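Now, the feature entries from TrEMBL:
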- 24-41: compositional bias 'Low complexity' (COMPBIAS)
- 83-313: domain 'ABC transporter' (DOMAIN)
- 530-759: domain 'ABC transmembrane type-2' (DOMAIN)
- 1-52: region 'Disordered' (REGION)
- 320-347: region 'Disordered' (REGION)
- 565-589: transmembrane segment (TRANSMEM)
- 610-636: transmembrane segment (TRANSMEM)
- 642-666: transmembrane segment (TRANSMEM)
- 678-696: transmembrane segment (TRANSMEM)
- 733-756: transmembrane segment (TRANSMEM)
Amino acid sequence: MCTPSGSEAEMQPDKTPRNRRTALKSSSRPALLSAAMAAEAAGRDDATAGPEDCTEMGERLKDGNMKADLEAALPAGREDFAIQCRDVCRSYGKLKVLNNLNLTVPQGQIYGLLGPSGCGKTTLLKCIVGTLKISRGHITVLGKPPAFPGHDVPGKMVGYMPQELALYNEFTIGDTLTFFGRIHGLTRKETKARMDFLIDFLDLPQKTSLVRNLSGGQRRRVSLGAALLQNPELLILDEPTVGVDPVLRSKIWQHLVEIVRTGKVSVIITTHYIEEARQANVVGLMRNGCLLAEGPPDAVMKQHSATTLEHAFLQLCETSDQNGSKRGSSPPGGPLENSQSFESGKDESRPILAVGAGAAEEVPKYSADWKVRARHFLPKWRNIAALMIKTMVRMKRLPGSLCFQFLLPVIQVSLICLCVGGDPKGIQVAVVNNETSPTAYSQSLLSFLDNTSVQQVHLSHEEAFDGIYNAEYWGVIGFGKNFTSYLTKRMIQRQVSREVVDGGSVHVWLDFTNRQIALMLQKKLHEAFQAFVDNKLGSMSYLVSLPIKFEEPIYGSLNTDFTTFVTPGAVLSITFYLAVGLTALSFVLERKEGLLDRCWVAGVSSLETMLAHLFSQLFVISVQIILLLLFILLVFKMPNEGSLVLVIILIVLQGVTGISFGLVISSAIDDEQSANQAALGIFYPNLIISGIIWPVECIPYPLRYLSLALPQTYASEALRCIMYRGWGLSRMMVWRGFAVTLGWNTFFLILATVILKLRT
Ligand SMILES: Nc1ncnc2c1ncn2[C@@H]1O[C@H](COP(=O)(O)OP(=O)(O)OP(=O)(O)O)[C@@H](O)[C@H]1O
């Protein structure tokens, strides 16, 4: 367990303290006392112990009797440590959390790190394991600085139990321990043996139990088990006994006492139960980012004539506070100076520790050859494999999500093939035929028109134009009453009058608000007339062009481009999906962090939660919509013939639909990954089937019904009607878009509320 790895052997540190370690027996160690305590005992008025005071205290320590006492109290050579922190500083922005902190964890001992909430214990532990970088000072862990090339800290030499548990909810207990076993390079047999021991020792349920179904205390024990798994040389435990019953708590401490007995394992443990730390060999009392005292618990208590460690700690804090307030009233040597010394890095005092922690102490230099460095930075296949297996196990636990992921591309590509690029079917076109004879060319011509794509509705001139203005028909095909005779003239005479050309042409009026449909109609008419000419007239004809005259479109223009068609639908789709994105994770995260439950317990109802999310996100989408409209109308100059107010309301309502849909996802799904998958997975199919990229009229029939039921199909049509036809709410196609949107909003909100209610 403790044998140095090959990579370690290649390292050449100038100092190798670990090699000279000897196990310490706590009973043989005199007390290391805090400066505050000592100064108090010596009756010194100016003793201080606040965060900025570590420095001053150290200076006094160097001079006074206290120093002699402390040095006499040294347990052994200063190399006999598992962890040594010297002058460690760490800030979060302007907040100084660790302030010239000095701490020594003797080898083979339990070190209880005590201190009030927020004093910096977790920050210190993170610095020790190397997940946080220190701003100043140096830390040595098991002989080298953390994260030094070739050093197994972080790595298998250290078992770390973080405060926030950090477990995979979809894993079973067995999966969790197996995963960490793989990372640490344990064989299956070793992992199994350790797992059986830990499950029994930590009183865990059977190994097939899912972490997500465990109680808070059980999860904490699984997390502790993961830290103990590889029998590390150093155990760093951040509040392992919180939420653990007293019997198990005492068992854990017994175990810790047992594992350090060999002298090969060292432990640093933080706890809020100060009294349990009496079982530690050394306690460090931390406050405001530095240590107030460090020593065996009995010695600390004795020094304060306290019967409990908690009492001793309280006294230390009080002394520190009193001294802090005294010092606060003396500006010259006050906080400013100390703060400056912190920043300048010139302060060399040692606040509490007497174990050779002087500034004069040389910082050991470590070096590693290039092979070790290269190996350190290169990815390790063992870890990659372990992480990949972890991902696969998680996937296995979410089969629904996995199937969705597998099928999604197939569904999407199928939808594209079915719905994009095809010809429209059943497009209604009004035919105004003023020729009555069944043998007329007009009848013959119309018979060549593809009936599956174009549905002819024979009407009077007035009805036909009323129909196209009401968007009932996509076009009007008109034949004059002398069409046949004029067309015949055009065929047989080289030169004909304008009247003959006009009378012998088919007149076509199209609605160009939907470019794809208009172009398809043009194409179908051309094909029909080409077939008619080929069939009926042959090569004898003098006709140089097909007898079709496309009149000025009823709506839109002949130059209408694809962008104009796509923009209204795209605007709605963008608004809808941005809104989905804003809310799809809201409950997932809140539920995970227990915030939802907390609000419910405080009396907040599901509907109130929904509405609050809705209203707060409305602000975001309103700004998005304003910017969106400014761009499409002013920068890209999209036409808008209708009311801007209606345009804005419709887009906002679509945003609300997106929010409500996001809330449905959020209330129905528990983990972020699946919620993201659902939101993203639905995006593409919806875009394709809603007729945003390609007209709904081109979608094959069973799918077209689905399309019409979607929230954006009628809404995009309504927006096109407002913007390109200039229509208002009196038109069915406009109010239908609003009604469908409102209907979906209500449905989604009710659904989300019901799901949320049912799941609590
Ligand atoms: N990521 C961060 N960003 C900014 N400040 C932080 C961050 N993490 C911690 N802090 C702050 O640093 C200080 C020390 O936090 P830390 O978590 O180390 O305290 P602690 O002693 O472990 O507390 P507790 O016993 O409650 O867990 C606190 O004031 C905290 O607000």
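Each Cβ is built from the backbone N, Cα and C atoms, and glycine gets one as well.
The transmembrane segment (610-636) is not in contact with the transmembrane segment (678-696), judged by fewer than 3 CB-CB distances under 8 Å for residue pairs 6 or more apart in sequence. Ranked by number of Cβ pairs under 8 Å to the transmembrane segment (642-666), the listed stretches 565-589, 678-696, 733-756 are led by 565-589. Per-residue pLDDT, averaged along the domain 'ABC transporter' (83-313), amounts to 87 for this model.
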